[in-house]
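Chemist: TrEMBL lists these features:
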ACT_SITE  D485  active site, nucleophile
ACT_SITE  D555  active site, proton donor
BINDING   W206, D373, D374, R450, K483, W484, D485, M486, N487, C533, D555  substrate binding site
DOMAIN    34-292  domain 'Glycosyl hydrolase family 36 N-terminal'
DOMAIN    656-751  domain 'Glycosyl hydrolase family 36 C-terminal'
Amino acid sequence: MTDNTAAIIVHEHTRQFHLTNGRISYVFHADGQGKLINLYFGAAVPDREDFSYLTEVTHSPTTTCRIPGNLTYTLERMRQEFPEYGGGDYRRPALEVRQGNGSTLTDLTYAGGYRIIAGKPRLAGLPATYVEHDDEATTLEIELIDRPTGLTVILQYTIFRDQPVIARSVRITNGGGEPVSLERVMSLNLDLPDRNYTMTEFAGAWARERHPHTQPLHYGVQQIESLRNASGHFLNPCAVFARPATTESQGEAIGVAFEYSGNFDLHAEVDTFDVTRVQVGINDFGFSWRLAPGETFQSPEALLAFSAEGLTGLSHAFHRTVLEHIVRGPWKRRERPVLINNWEATYFDFNEDRLVDIARTARNAGIELFVLDDGWFGARNDDTAGLGDWRPNPRRLPNGLASLARRVNDLGMRFGLWFEPEAVNADSDLYRAHPDWAIRTPHRKPSHGRNEYLLNFADAAVVDNIFEQMSALLGSANISYIKWDMNRFVSEGYDLSRDAEHQGEAYHRYILGVYDLLERLLTAFPELIIEGCASGGGRFDMGMLFYTPQIWCSDDSDAIERLKIQYGTSMFYPLSTMGAHVSITPNHQTMRSAPLATRANVAAFGTFGYELDLGRLSDAELDEVHRQVAWFKRYREILHTGDFHRLIAPYGNEKAAWMVVSRDRHTAIVGDYRLLITPNGAFTRLALRGLDAGLTYKVDCTGASSIAGRSFTGAELMRIGLVDSDASCGQMDDVNPLGVTTDFSSRLFVLTAD
Ligand code: GLA
């Protein structure tokens, strides 16, 4: 085993495959029946020719056996790589294929076919991890064959050199003579040897997305899923399986994330022998994919990570993977612009001059990008009309978009624009011309959401039309950024462009159409930054990040709620992906009033921006905004590329804290938030993490602090902690005579190594 290389060690004699990079080992073999059996996944172990002692072959009463006369070989006891129903395995299968005779049984076996590829091949039409140089990863493809149908299944595994992460996907080719229908295709199956895990899912709703919830695994199936054809606000397509004693800084954890934006199924099934089967893939509800002879189906990709250093280690693995192997294009390494968005400032009530006023005030505060949100197009005067007509609204922008873009550019700012490409209002020219382009099931009433319908993105003609409209507009003015919104979910999924036998494909083809449009836009306009959005964070997933390097985290811009949302989001997604804005007070979603400093101190741990009418702020507040923007620009690179550590969770606590440490560990930024005051409270210290114990750090603070200006070793700051209980949290003005700060106060500490 070589450290820090993505090695795939094959032992032909034992038909064993060992994927390792010095941090993790993933081992499986093909047994005597040609079945792929998982042997180990976890921290790296030295290679050996034969790990098969890790499979137990024993007689278990009532099990169903495959080999005549043999009562010990039963698939029910096997930890399989890609299980099917039949042959004695009664757990959920990874594959179901309906054949001409009505059966869905297959019996995939390995016949010696595999190949090792330097680097990582692209997955046609789908988001997937990638490498810039072939030495960053190694890929294994294993071929399985079902002889009666002629189906070939290729399991693809990529191990990365620098991360404890494995990417997996499945490719199925119909090599037989008759069409078949894929009814269920999981992208990843992982059978773990016991059930001693907790499962953490990230759940919520509009305005309170991705709060972590943890429960011990129990017998049977525990599942998270979406049937909205979007990852959705409710459950995010990722989960953590951790040993019960695992904390942020220690213990074992396995993370699973699906790089897909449609209907998903992520579940763990604990079986009768205490094996935990984890699966993730396209939800099989309503799914079927007709595969004619010679055709191939490519599944989306899933990511699997292992950490022996607690949840933080797991987050760092996913964050690095997103930054290095998912986000791409010129904005992968560029600093993201600080933006101002007009939505909460004006809603639908704006004209060109009002927008330019907002942009000018923002420019004076150092803001770099002006984003024009909903309402600029078609006959969009409220949310009942206009979606689908992507040309300037003559009532609001009589001079067109180019004029506004030029005036914004002349201020020295970039210009950005909101779209909801997948949506259409019945009151639109597009709908009047093509009512059959909106998704509906024949003879049934379509439902609306926010007065809108979704276009059938499974139909290439629809995607072509929207591409033509958007690219004409993007070519007509200097537009650097688009906000890609999506404000309702698919409800009566049907593809009017295809016949009955292809209807099970409608949802997945829709998502492929979304990816296709994103890819075409990025190819035509490679400098564009696309920020994802779906009524806030309703489509925050690894799949979208392949196209949109940042995603609006939530429509909830209240700083205190945002702590909870961004804290949960950070388990899988790095700060540079989280759209986060400072908004007005009282907040429009919660009516809560948090200090301007706190609103900025939370948004700084994301892609920083503002979403309010700066013209309504006092001069003192504008000065403060100016200082905040300058502060953020100074530390933006560290915030977006450093290592993030969660220190105190905001759920049910009166405090919250997190920090970022630069890659060289010379600078650290600590966000220290007081949710509710504790009068006459304790003397507290905040134990920091990720610093260099041997370095000495000078402490600066954006608010008042008794330790500002003093120096401490990394060892002191991590083992004793940063004294954070002095009453001066926030601005001195916030401190009452008893020495108590206000609710919702906060401050940022910057630690710089001498
Ligand atoms: C969604 C988005 C908001 C805003 C509105 C505009 O709700 O999440 O940020 O763009 O649409 O209609």
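One is the number of the first residue shown, and numbering goes on along the chain from there.
Glycine is treated like the rest: Cβ placed from N, Cα and C.
All annotation found in TrEMBL is predicted automatically rather than curated by experts.
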Chemist: So how many of the residues in the domain 'Glycosyl hydrolase family 36 C-terminal' (656-751) end up helix, strand or coil by DSSP?
Modeler: 9 helix, 33 strand, 54 coil
Chemist: Roughly how many angstrom lie between the C-alpha atoms of D374 (substrate binding site) and the residue listed as 'active site, nucleophile'?
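Modeler: Each residue's Cα considered, D374 (substrate binding site) and the residue listed as 'active site, nucleophile' end up 9 Å apart.
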Chemist: Measuring Cα to Cα, how many angstrom lie between N487 (substrate binding site) and the residue listed as 'active site, proton donor'?
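Modeler: It is 11 Å, counting Cα to Cα.
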Chemist: Tell me, what is the mean pLDDT of the domain 'Glycosyl hydrolase family 36 C-terminal' (656-751)?
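Modeler: Averaging the confidence scores along the domain 'Glycosyl hydrolase family 36 C-terminal' (656-751) gives 87.
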Chemist: List the Cα distance (Å, whole number) between D485 (active site, nucleophile) and the residue listed as 'active site, proton donor'.
Modeler: 11
Chemist: Sequence gap of 6 or more, C-beta under 8 Å: which same-chain residues meet both conditions with respect to K483 (substrate binding site)?
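Modeler: When sequence neighbours closer than 6 are ignored, K483 (substrate binding site) has N341, V371, D373, G416, L417, W418, F419, I530, E531, C533, W552 within Cβ distance under 8 Å.
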Chemist: If you draw a 10 Å sphere on the Cβ of D485 (active site, nucleophile), how many other Cβ atoms land inside?
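Modeler: Neighbour count, Cβ to Cβ under the 10 Å cut-off: 23.
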Chemist: Over all pairs in W206, D373, D374, R450, K483, W484, D485, M486, N487, C533, D555, the listed substrate binding residues, work out the largest Cα-Cα distance in Å.
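Modeler: Answer in Å: the longest Cα-Cα distance is 19.
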Chemist: If you run the three-state DSSP split on K483 (substrate binding site), which class comes out?
Modeler: strand
Chemist: Can you tell me the CA-to-CA distance separating D555 (active site, proton donor) and W206 (substrate binding site), as a whole number of Å?
Modeler: 7
Chemist: Using Cβ atoms only, which residues of the same chain lie under 8 Å from W206 (substrate binding site) while being at least 6 residues apart in sequence?
Modeler: H233, S535, G536, G538, D555
